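Comments concern the structure below.
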Amino acid sequence: MLPQRPQLLLLAGLLALQSVLSQECTKYKVSTCRDCIESGPGCAWCQKLNFTGQGEPDSTRCDTRAQLLSKGCPADDIMEPKSLAETRQSQAGKQKQLSPEEVTLYLRPGQAAAFNVTFQRAKGYPIDLYYLMDLSYSMVDDLANVKKLGGDLLRALNDITESGRIGFGSFVDKTVLPFVNTHPEKLRNPCPNKEKQCQPPFAFRHVLKLTDNSKQFETEVGKQLISGNLDAPEGGLDAMMQVAACPEEIGWRNVTRLLVFATDDGFHFAGDGKLGAILTPNDGRCHLEDNLYKSSNEFDYPSVGQLAHKLAESNIQPIFAVTKKMVKTYEKLTEIIPKSAVGELSEDSKNVVELIKSAYNKLSSRVFLDHNTLPDTLKVAYDSFCSNGVSQVDQPRGDCDGVQINVPITFQVKVTATECIQEQSFTIRALGFTDTVTVRVLPQCECQCRDASRDRSVCGGRGSMECGVCRCDAGYIGKNCECQTHGRSSQELEGSCRKDNSSIICSGLGDCICGQCVCHTSDVPNKKIYGQFCECDNVNCERYDGQVCGGEKRGLCFCGTCRCNEQHEGSACQCLKSTQGCLNLDGVECSGRGRCRCNVCQCDPGYQPPLCIDCPGCPVPCAGFAPCTECLKFDKGPFAKNCSAACGQTKLLSSPVPGGRKCKERDSEGCWMTYTLVQRDGRNRYDVHVDDMLECVKGPNIAAIVGGTVGGVVLVGILLLVIWKALTHLSDLREYHRFEKEKLKSQWNNDNPLFKSATTTVMNPKFAES
């Protein structure tokens, strides 16, 4: 599968090139070549002298390469710095698994610089192995076997490497409730079997520094005694943190570092310390005193993420040797801790050597390429091209599995800066291995223009040419440094170029030259920008039929408003100046109840188009015309004395007119008038035709109504009394009959049932026998 790797690299490079070429140039407030380069990876700058025309801003020089070429900029005058990478290979004679040793990147904002990193797994690389064991009481059988493992462990390491060392440490838990029993007797001997000798509980004890002496390992481990605690989870993460944070005390070399973690139970993590009133977060520092973690009761347990970061920082690969019931738990843990493995430990730890060998082979055959923490302005992505044919693109870290000894694999690293950055460095390394790649990052934001030595006369002798643009001396401004400031600051000059104290100079469409706006020439054909603050143009008006102001034959655009010719009107000159469609049969425009706009009536409220007549479903103002109808026809009512003045706009018709609205209203004397309203042109103007006859209804008989009402009330009262009397009589009759029945059922004699006789007769039993 190896021949595919160059093809994949070529494909990735072509895709990256296509992505860059397809980018556009989005610019904002660009006046220098540096501003242009910072605007985006697709931007380029034309340094050609006099490239911009009259009224064109300097930002015209900034565009895509294709656009600049089309505008007449020679290819040699286009400044387009690229991101690039320079590598320095490892020194000869050094055994390096990772190359190159150093890379220098020149980064343009938004444009990635790519370089290749090669990893070649070496055979026999030195190994340090630290055995960290749980000494809670349930591990008593395991401790007995581990005491004999010194020679086997070193022999297993020597099968892999020529330089192997082993060390030993142990842990139990924090020595406060509820983790251990704090009774003095239990602290001396925490084991459930009092006859068995146990050591007091402790958090972590560093027993043996890393050594290649197997006898010393067996001797020191042989001195260890089992201990005990209360709860099931152990303080293993506390111990692992100290092993990672104390490299000098443990004796770690700058080689492959393995940490074997042997236990038969779970683990406490951050937050559990609150159960023992331990609130201070773990600080991730070394706190060993006399090889004991004596500050255990002062700091909480570390979090899993904190421990993972510390292990990766210390380049330590943990191997979790756990019993069967705990395998799934620690497999979840390995998903968070990179470069870690899990092995199933037998109940008495007899298989620990084979477990370590298997886990090491698994760890060393998988390579993770990662980097240290970077600022937000730098982004790193990895493309992995593995020897087994598997490829991954644009991942947050490199990842290859099944890596074989002496078979190189390639990672492509792509680094992108989001802005012009300061010079800085970071390192890339393969997790679990000691080799690193140092990456030095420098900004690529300046243009190497060739006009630095040109004659100052181009800028009127008051400035110098930089990348085709005049950089004026103090006291002068302008495109050719033609404007003298006379002591005024640039802010004061720009103030007169801001409309309504806006923050935008010349509406963003011009340059402020000597305190006056010089409007830009637009790229849009036939568009003209003008106005004191360049706030106007001749295209930003309403459109009709796809044209501004309906086209030049209808009107022209002036600063956002259409000015129509004599034959047209409307906001977009869309209407002819005609009222033909607004005239009624009498030739009155909109019946006098609206305005004619675009040959269509815009009616007043209460009327409807097309000619502003009464709404068919709307109410008729009959009541409002009743007083005028009464005075005009019958010469009476509230307007009888001034009828001609009050009802001058209402005409009395002698004969009915078809199409009128029928009304029926009461007059001042309560009689009904029937009349017809006929609408005339204008607002609230009606003619009226009134029927000759009034409908006057006789008044009601008040005496009859009052007498009937009083009589009805009296009769209803009498009827209610009769009904009440009848009901009470029936109730009394029913009670009397029941009493009679009870009387017949009773049996009485002449004796009082409550009387008790005062005489008592007692019989003598002896007398009866005789």
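In case you wondered, yes, glycine gets a Cβ from its N, Cα and C as well.
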From Cys534, Cys536, Cys582, partner that Swiss-Prot gives for the disulfide involving Cys559:
Cys536
Going by Swiss-Prot, Ser136, Ser138 bind Mg(2+); tell me which of Glu38, Glu220, Glu234 is listed for that site too.
Glu234
Site co-member for Ca(2+) 1 according to Swiss-Prot, given Ser138, Asp141, Asp142, Glu347, out of Asp58, Asp231, Asp264, Asp435:
Asp264
Which of Asp173, Asp283, Asp290 shares the Ca(2+) 2 site with Asn229, Asp231, Pro233, Glu234 per Swiss-Prot?
Asp173
Recorded disulfide counterpart of Cys557 (Swiss-Prot; options Cys541, Cys564):
Cys541
When you scan the chain for residues with a C-beta under 8 Å from the transmembrane segment (702-724), skipping those not six or more beyond its ends, what do you find?
none
Inside 10 Å of the Cβ of Cys622 (disulfide bond), count up the other Cβ atoms and send me the figure.
17
What is the Cβ neighbour count of Cys36 (disulfide bond) at a 10 Å cut-off, with all protein chains included?
25
Other residues, Cβ within 8 Å of Ser136, Ser138, Glu234 Cβ centroid (Mg(2+) site):
Asp134, Leu135, Tyr137, Met139, Val172, Gly228, Asn229, Ala232, Thr263, Asp264, Asp265
Inter-residue Cα distance where the pair is Cys559 (disulfide bond) and Cys534 (disulfide bond), in Å:
10
These are the disulfide-bonded residues: Cys536, Cys575, Cys590, Cys603, Cys647. Which one scores highest on other Cβ atoms within 10 Å?
Cys590
Between Cys647 (disulfide bond) and Glu234 (Mg(2+) binding site), find the distance joining the two CA atoms and give it rounded to the nearest Å.
105
